[in-house]
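**Q** Let me give you the structure first, and then I'll get to my questions.
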Number of protein chains: 2
Amino acid sequence: MKPSIPKGTRDFSPTEVANRTYIINTIKTAFETFGFQPIETPSFEKSSTLMGKYGEEGDRLIFKILNSGNFFYEKDSIDLPESYEKLKFNSLDDLESKEKIELNRFTNRISGKALRYDLTVPFARYVVQHQNEITFPFKRYQVQPVWRADRPQKGRFREFYQCDADVVGSKSLWQEVEFIQLYDTVFTQLGLAETTIKINNRKILSGIAEVIGAQDKLIDFTVALDKLDKIGQEKVETEMLSKGITSAAIQKVQPLFSFDGNNQENLDALAKMLTTSEEGTKGVEELRFVINSISELGLQSASLEVDVTLARGLNYYTGAIFEVSAPKGVKMGSIGGGGRYDDLTGIFGMKDVSGVGISFGLDRIYLVLEELGLFKTVALPKPKVMFVNFGENEALYCMKAISQLRVKGIKSELFPDAAKMKKQMNYANKREIEFVVIVGSQEIENDEFTLKNMVSGEQSKCSLLELIQTLL
Amino acid sequence: MKPSIPKGTRDFSPTEVANRTYIINTIKTAFETFGFQPIETPSFEKSSTLMGKYGEEGDRLIFKILNSGNFFYEKDSIDLPESYEKLKFNSLDDLESKEKIELNRFTNRISGKALRYDLTVPFARYVVQHQNEITFPFKRYQVQPVWRADRPQKGRFREFYQCDADVVGSKSLWQEVEFIQLYDTVFTQLGLAETTIKINNRKILSGIAEVIGAQDKLIDFTVALDKLDKIGQEKVETEMLSKGITSAAIQKVQPLFSFDGNNQENLDALAKMLTTSEEGTKGVEELRFVINSISELGLQSASLEVDVTLARGLNYYTGAIFEVSAPKGVKMGSIGGGGRYDDLTGIFGMKDVSGVGISFGLDRIYLVLEELGLFKTVALPKPKVMFVNFGENEALYCMKAISQLRVKGIKSELFPDAAKMKKQMNYANKREIEFVVIVGSQEIENDEFTLKNMVSGEQSKCSLLELIQTLL
């Protein structure tokens with residue numbers, strides 16, 4: 001039986017690694033050009049660091065690590081859930097909340113660590129833990145895998161990379177401006193023209209909720225509004241109604257369902273609608289600053305679009321929120337997102353540290369570039385030249401040359417076995433190696449090499465120096 | 001209460017990431033120069049892929065991931081271990097083997113995935129799973145973290161990186177030669193002169209066991225012999241006796257305890273000692289080929305040393321075995337190791353695929369380079385220039401220039417807030433930023449910039465073009 005890997009995970013072939021590395025390096029280079037510094041955090045954190053930070057659904061999707069050794073053993077022994085017999089015979093969805101609580105308590109007894117769910121909470125933990133070593137404002141980037149026990153589907157995996165850049169320790173809106181430029185820079189360099197960077201502001205959403213008199217239902221409101229693109233206006237309204245938002249309230253926000261003028265017009269309309277809300281007005285002002293600054297500075301290939309339906313699921317955002325859509329015509333969810341959070345480190349006891357950040361979705365960007373055929377220029381990790389192996393003497397002669405080539409940084413290898421010529425040439429062909437060197441007794445005698453260009457088929461004799469010059 | 005991370009794991013600061021990246025890039029570049037291609041495998045594998053591959057101790061050290069959702073629930077329900085009451089009150093070491101088996105069985109019921117323990121077994125799994133897409137001989141490298149629930153100590157962590165290169169699909173000894181050159185290349189480039197690459201051959205060890213008539217005790221013999229450096233001859237002999245190796249047998253291998261001539265002399269002595277063993281003689285011949293080839297080809301800074309006490313714990317080695325010691329004077333275990341295994345993919349049902357590979361211990365190499373002060377030349381990820389922020393107008397003027405600089409690849413940033421000059425300069429100083437640009441109303445009027453060199457203290461006015469030229 002062939003071995004296999006857990007669902008939602010992937011092996012990456014050499015070509016895939018090369019393509020992924022190309023994307024990651026493009027993003028990292030841009031991060032550093034914008035003044036960000038890299039950090040890394042452990043793959044697993046204490047459960048107490050992660051649990052309760054992503055909502056009930058998030059908690060469920062966190063991979064927990066079983067304590068090592070005899071996990072049943074504890075100083076004061078371990079108690080099975082009272083409802084153990086029920087747990088045995090019912091799936092999670094069929095459990096009552098008391099039973100779920102018991103299950104969680106037992107889970108915490110046998111598992112004290114969990115795999116990272118995103119890079120944001122570990123970053124907040126890092127900032128609090130290392131606050132005395134950090135110079136604020138702290139601009140950090142982080143490119144690492146995260147894990148979620150989600151149902152796998154196209155563009156959604158159980159192990160995937162996040163590429164995050166955040167600044168903490170300043171409320172300056174110039175950072176929002178910079179993050180938009182950063183998105184524009186990366187996607188332009190990847191050849192992904194015509195991406196749309198959508199921007200909104202949580203204060204505007206709060207303002208809207210305030211104006212319609214449903215402040216306490218802001219989360220329900222935004223979660224429903226977020227689905228407008230996917231399920232359409234009617235179903236969004238049905239969901240809002242089902243959450244207790246009144247029909248009258250929904251009527252007041254009708255203009256939001258059909259915004260389609262330019263950014264300035266949208267901002268003007270919002271400003272008017274939110275006059276009575278202090279917070280909403282603040283949100284419009286913030287958005288206006290960002291939009292105007294970007295107008296002044298220009299973008300290379302992306303467009304910036306105010307989108308009042310943009311809400312994003314995460315509750316910790318408090319100011320700007322971003323989301324990037326792939327170029328039109330490519331079916332793919334957002335390929336990036338982020339926003340400002342005024343109190344992320346608060347969950348770890350460090351108050352009043354505002355932050356703002358964005359994330360690039362590596363795996364989705366990969367799928368988009370692949371679909372658009374944009375990996376053509378990526379150099380594959382293969383040798384420039386292969387030396388044919390005719391036996392011990394010839395191989396030693398070749399190895400001496402190969403050592404010289406490698407010192408010059410020329411990727412080269414000897415075919416390991418003195419196999420049939422055809423087999424060796426087949427290998428070179430399959431790996432698409434550009435040059436092959438052939439050395440027999442005659443070449444050794446004359447201290448030379450026969451160099452064959454596998455693309456043109458040309459073949460010629462040369463000295464070691466000429467060989468190096470050709471291959472460099 | 002300050003948050004913290006699980007024991008044996010680490011956060012990496014920007015400086016540490018930069019240093020680690022420097023080591024990793026050096027290794028990856030060498031791998032590719034030698035013709036290796038990168039692959040990546042998932043962080044967790046199915047438990048069945050990993051369990052039973054590393055011995056009982058290894059199984060214990062593998063981190064298991066709890067099944068998501070209600071892990072108690074299964075179609076046919078889950079049974080608690082019969083000895084549950086004993087498990088509750090006894091640590092692993094106090095359990096009887098029947099109880100351990102029950103614990104393992106229960107573990108397998110609630111956990112179907114486990115974190116990667118090394119890169120070798122996942123590589124074997126990869127080769128078998130993707131055998132039809134692979135061109136053999138397959139030269140792959142892999143640089144990824146692995147996890148072990150080991151007791152943390154200096155140079156030993158619960159999450160650490162392995163950097164592995166392997167070839168499968170050829171028995172050619174030129175590969176052993178190349179791996180020695182590869183070690184030499186990497187350590188020379190890292191400035192780590194005078195490393196010692198120890199080499200031995202499992203066939204020689206088998207031959208020795210054969211000659212002394214203790215073939216069935218080869219593992220016990222090699223495990224004991226491996227400790228010679230650490231615990232001395234007397235204790236090794238005691239251990240061998242305790243494992244049932246006879247005193248007469250130990251007498252026959254006395255010369256092994258005091259080998260100290262040069263490689264050729266050692267090989268000659270071994271050849272003589274092993275004349276009667278076919279396998280041992282084969283091992284000496286293999287070793288001689290490698291030693292002689294390296295003599296012909298030369299090494300840049302490392303030395304190669306036959307070490308008959310080198311056994312390495314892992315049982316899958318069948319030919320050459322390698323281990324690299326840090327330069328003398330640095331207290332550190334081996335910083336690299338590897339060897340040939342004739343049937344690694346056999347565990348997944350693919351027979352007769354010989355492989356050979358080596359590993360670099362990133363974390364230990366880091367500690368050695370740090371101790372020897374060899375990170376001095378590593379460029380830290382910090383901006384080349386910071387623009388002081390005097391307010392909205394000045395900032396916009398600066399942002400226009402910064403956009404130009406970034407297009408040229410110059411790492412630059414604006415201080416986000418219009419804070420006091422002193423605070424902004426302090427930030428630049430703390431981050432050791434080389435240049436600061438100051439723009440007030442006068443500079444804007446004259447379309448120029450004041451550039452200050454923070455090292456020399458020099459200050460001068462310049463145009464945007466001059467600014468770019470200075471900073472490029």
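Using the three backbone atoms N, Cα and C, a Cβ is placed for every residue, glycine included.
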**Q** Please identify which of B:Arg60, B:Arg105, B:Arg148, B:Arg288 is recorded by TrEMBL as part of the L-histidine site containing B:Asp118, B:Leu119, B:Thr120, B:Gln162, B:Asp166, B:Arg312, B:Tyr316, B:Tyr317.
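**A** Candidate listed by TrEMBL for the same site: B:Arg148.
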**Q** Return the residues near B:Asp118 (L-histidine binding site) by Cβ distance under 8 Å, restricted to its own chain and a separation of at least 6 in sequence.
**A** B:Tyr54, B:Val146, B:Gln162
**Q** Out of B:Thr120, B:Gln162, which of these binding-site residues shows the lowest number of other CB atoms within 10 Å of its CB?
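**A** Among the binding-site residues B:Thr120, B:Gln162, the sparsest Cβ neighbourhood within 10 Å belongs to B:Gln162.
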**Q** If you draw a 10 Å sphere around the Cβ of B:Tyr317 (L-histidine binding site), how many other Cβ atoms fall inside it, taking every protein chain shown into account?
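**A** The Cβ of B:Tyr317 (L-histidine binding site) has 24 Cβ neighbours within 10 Å.
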**Q** Around B:Arg312 (L-histidine binding site), how many other CB atoms lie within 10 A of its CB?
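**A** Other Cβ atoms found within 10 Å: 19.
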**Q** Sort B:Gln162 (L-histidine binding site) into helix, strand or coil using the DSSP assignment.
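**A** Its secondary structure by DSSP: strand.
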